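**Student:** Below are the features I grabbed from TrEMBL:
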ACT_SITE  41  active site
BINDING   14, 15, 16, 17, 18, 19, 20, 21  ATP binding site
């Protein structure tokens, strides 16, 4: 467990349609101070064609899985380096992530955030429920939520875990805020 510190980077990891973005916005209202939220969707929105161009280096497979070019991964590393620079300069960050490779993705973030303590939060959601949510969202690739529901958590070590399958975003955010305030954050 990290020591209490002024390092304020919270990583929310969960599959598509698990509720991460809604929890991140709720945490901005609950946590002390000003928190910025960034994540995989922010990065994708900044890519050519909002991620839908071949130049973006992302390929969405028919089963909902995703593959990346080496160029995309290099640019992603630059993105994380920029976020780490913000954290090192004193910004409090909530990262809304989908670590497709589970523990490999966690290690990629650890390596990118050199010198910054990360607090890891699992945002779990049962595959069937995430798939139902996904079906209600026209901006999602069908099958992604089911594909990611468990795979993003494989061998990932967390400090805090919540499950949005049967708990509201407000309840999950309140629990995360309480745990962060009690166990991890100074002042």
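Every residue gets a Cβ built from N, Cα and C, even glycine.
Heads up, TrEMBL stuff is auto-annotated, nobody curated it.
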**Student:** Fewest other C-beta atoms within 10 angstroms of its own C-beta: which of the binding-site residues 17, 18 fits that?
**Tutor:** 17
**Student:** Least buried of the binding-site residues 16, 21, going by other Cβ atoms within 10 Å?
**Tutor:** 21
**Student:** Pop the Cα-Cα gap between the residue listed as 'active site' and residue 16 (ATP binding site) into the table, whole Å please.
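**Tutor:** With distance taken Cα to Cα, the residue listed as 'active site' is 10 Å from residue 16 (ATP binding site).
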**Student:** DSSP on residue 20 (ATP binding site), three-state: which is it?
**Tutor:** helix
**Student:** Just to confirm: which same-chain residues, 6+ apart in sequence, have a Cβ under 8 Å from the Cβ of residue 19 (ATP binding site)?
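**Tutor:** Counting only residues 6 or more apart in sequence, the Cβ neighbours of residue 19 (ATP binding site) under 8 Å are 123, 125, 164, 169, 172.
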**Student:** So, three-state DSSP: helix, strand or coil for residue 41 (active site)?
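**Tutor:** In the DSSP reduction, residue 41 (active site) maps to helix.
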**Student:** Compute the C-alpha separation of residue 15 (ATP binding site) from the residue listed as 'active site', stating it in Å without decimals.
**Tutor:** 12
**Student:** Please report the distance from the Cα of residue 21 (ATP binding site) to the Cα of residue 41 (active site), rounded to the nearest angstrom.
**Tutor:** 9
**Student:** Distance between residue 14 (ATP binding site) and residue 41 (active site) at the Cα atoms, whole Å?
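**Tutor:** Computed Cα spacing between residue 14 (ATP binding site) and residue 41 (active site) is 13 Å.
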**Student:** Return only the integer: C-alpha distance in Å from residue 41 (active site) to residue 20 (ATP binding site).
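**Tutor:** A Cα-Cα distance of 11 Å.
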